[in-house]
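Novice: Please read through the structure below; I'll follow up with questions.
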Ligand SMILES: Nc1nc2c(ncn2[C@@H]2O[C@H](COP(=O)(O)OP(=O)(O)OP(=O)(O)O)[C@@H](O)[C@H]2O)c(=O)[nH]1
């Protein structure tokens with residue numbers, strides 16, 4: 001029993017579905033009129049219209065009406081657009097005002113890519129069609145009824161009335177068209193428009209800020225990567241408002257041309273590729289892939305050329321090629337990432353975001369992805385996010401540059417410090433050496449090299465100061481002049497070197513017998529002189545003592561030893577004496593001593 005009830009229910013559902021399909025397929029205009037009233041706002045017509053493709057593009061309203069009568073209007077099958085088609089797409093729909101007052105509405109075209117829009121309206125069943133929209137991108141922007149980057153038309157429907165519409169969408173000569181409109185209350189439309197423009201202004205302003213910072217950075221750091229980044233950001237500042245229609249709305253109000261979009265697009269692609277080369281350092285790190293990048297740069301230059309020459313077919317082809325080649329950058333970035341480059345990692349991510357935006361736009365235009373808020377704005381947001389990601393990487397780049405500069409400065413300071421210390425040490429060492437050399441030179445200048453005693457010059461200097469001091473203090477001073485006896489014979493007998501040893505031994509022996517304050521010097525070959533502070537008697541005693549000391553000197557000359565004696569001349573200083581005068585007197589006394597038989601001392 002229960003089973004049969006379920007079966008009957010199933011059958012009735014099936015019959016209902018079949019009947020529904022039969023009815024909907026046979027009705028020329030199966031879609032019911034869209035109900036509107038004063039609450040209608042941001043209402044898309046999608047699902048409430050049917051379309052007809054006119055491949056030649058020359059069909060008039062009468063042709064479209066005939067197509068409708070022949071049931072040639074079909075439901076739009078794709079999600080995004082009608083795809084790239086030549087000619088025009090006609091859409092047909094009805095609006096029914098359920099309210100008790102007339103409705104004035106804005107009909108906004110949902111995309112910015114349309115070139116022509118025509119619209120016809122009539123009160124269903126009685127009146128003739130009238131033209132409610134006749135817009136063209138080729139017309140100056142200033143002539144638009146409602147100032148907006150996308151086409152906006154105005155319709156009015158009386159209370160309780162149903163109106164029938166035919167809208168013609170065309171992109172000349174071939175293009176992507178999404179035949180959809182949005183209904184707005186005019187005041188709400190203006191409010192949403194200002195919000196949208198604020199959002200776009202913020203994005204573009206952000207890009208401009210990035211461009212300025214990059215430019216300042218370029219001048220400050222003198223790194224050309226920042227200039228490349230500035231150029232790229234600036235190109236984006238130009239391309240997005242141009243593509244979205246704002247450039248024509250605010251700047252080029254009277255001169256629309258599609259080539260401006262291609263030109264700004266070409267420049268942006270070119271700038272992006274130049275920046276990618278710098279940022280990823282492809283010339284050095286991936287030389288083979290770098291050649292592909294050059295190819296892409298060449299393609300972007302051709303695109304710029306085609307846009308300047310206003311060759312639409314060539315520009316479209318080159319732009320498509322440029323976008324199709326874009327994934328190569330991702331490959332390069334991934335390759336650089338694999339090589340351990342942080343820039344490579346960031347760029348892989350940034351480029352993925354950008355390509356996803358462009359991909360979304362492509363899929364939407366081809367009709368694979370729904371035309372909605374996200375698929376409409378994702379490309380520009382993605383393009384912006386790409387710049388943010390790169391900005392972060394540039395920040396990191398700057399931070400690292402600063403760090404390595406600080407490190408270099410630190411090690412430079414350290415090296416400087418070490419070098420300074422080293423220099424100071426060397427200077428100190430050299431100064432010491434120089435002082436020592438000077439001392440040695442001075443010593444040599446006043447020393448007799450054979451005996452180590454003062455030489456003649458030094459004796460005169462030191463004896464002079466002793467003389468002055470003694471004359472000042474009225475002290476006695478004596479000069480003892482020594483001359484070794486028969487020294488020539490010593491030389492002749494024992495050899496010159498033995499004579500030298502005799503002189504050295506004599507000098508050492510006498511030196512050890514006198515006071516430190518006494519001035520002893522060798523002033524000639526075998527002549528020595530001693531200056532002492534002493535009375536005449538003491539001087540004489542000293543001379544005798546030293547003479548006796550000399551008698552006991554034994555000189556070792558190989559197998560034989562020999563002795564020698566010395567004669568001494570003594571002279572006392574007198575007032576106003578000079579050293580020479582005293583020496584002369586001592587010399588005379590010495591001569592006396594020699595004459596009297598040598599080995600004796602004589603007072604002058
Ligand atoms: N070995 C050596 N001999 C020297 C040096 N300087 C001078 N003589 C020698 O000393 C000798 C001095 O001789 P003389 O002036 O004739 O006097 P002397 O032979 O000592 O005779 P008297 O002075 O009269 O006792 C010379 O033969 C010089 O060549 C020296 O530095 N070394």
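In case you wondered, yes, glycine gets a Cβ from its N, Cα and C as well.
What TrEMBL lists as transmembrane segment is 198-219, 226-246, 258-280, 292-309, 315-334, 346-364, 376-399. Per TrEMBL, domain 'GGDEF' is recorded for 475-604.
Situate these features within the shown structure.
Specialist: Distant neighbours of the transmembrane segment (258-280): 115, 137, 224-225, 228-229, 231-232, 234-236, 238-239, 242-243, 247-248, 252, 286, 290, 293, 296-297, 300-301, 303-304, 306-308, 310, 312, 315, 318-319, 322, 329, 332-333, 336, 341, 343-344, 347, 390, 393; these residues of the same chain sit at least 6 beyond its ends, with a Cβ under 8 Å from one of its Cβ atoms.
Residues 110-111, 200, 203, 206-207, 210, 213-214, 217, 221, 225-226, 229, 232-233, 236, 240, 244, 279, 342-343, 346-347, 349-351, 353-354, 356-358, 360-361, 364 of the same chain lie 6 or more positions beyond the ends of the transmembrane segment (376-399) yet place their CB under 8 Å from a CB of it.
Here the domain 'GGDEF' (475-604) has a mean pLDDT of 94 out of 100.
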Novice: Quickly jot the same-chain residues contacting the transmembrane segment (292-309) by Cβ under 8 Å, restricted to those at least six beyond its ends, or write none.
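Specialist: The answer is 259-260, 262-263, 265-267, 269-270, 273-274, 276-277, 282, 315, 318-319, 321-322, 325, 328-329, 332.
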Novice: For the transmembrane segment (198-219), what are the same-chain contacts with Cβ under 8 Å, counting residues 6+ beyond its ends?
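Specialist: Distal contacts: 226-227, 229-230, 233-234, 236-237, 240-241, 244, 246, 380-381, 384, 387-388, 391, 394, 398.
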Novice: Let me spell it out: take the transmembrane segment (315-334), skip the flanking residues so only those 6+ beyond its ends count, and list any with a Cβ under 8 Å from a Cβ in it.
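Specialist: Here the qualifying positions are 259, 262, 265-266, 269, 273, 276, 280, 282, 286, 289, 292-293, 295-296, 299-300, 302-303, 306-307, 344-345, 347-348, 351-352, 354-355, 358, 362.
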Novice: How many of the residues that make up the domain 'GGDEF' (475-604) does DSSP mark as helix, as strand and as coil?
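Specialist: Across the domain 'GGDEF' (475-604), the residues distribute as 59 helix, 33 strand, 38 coil.
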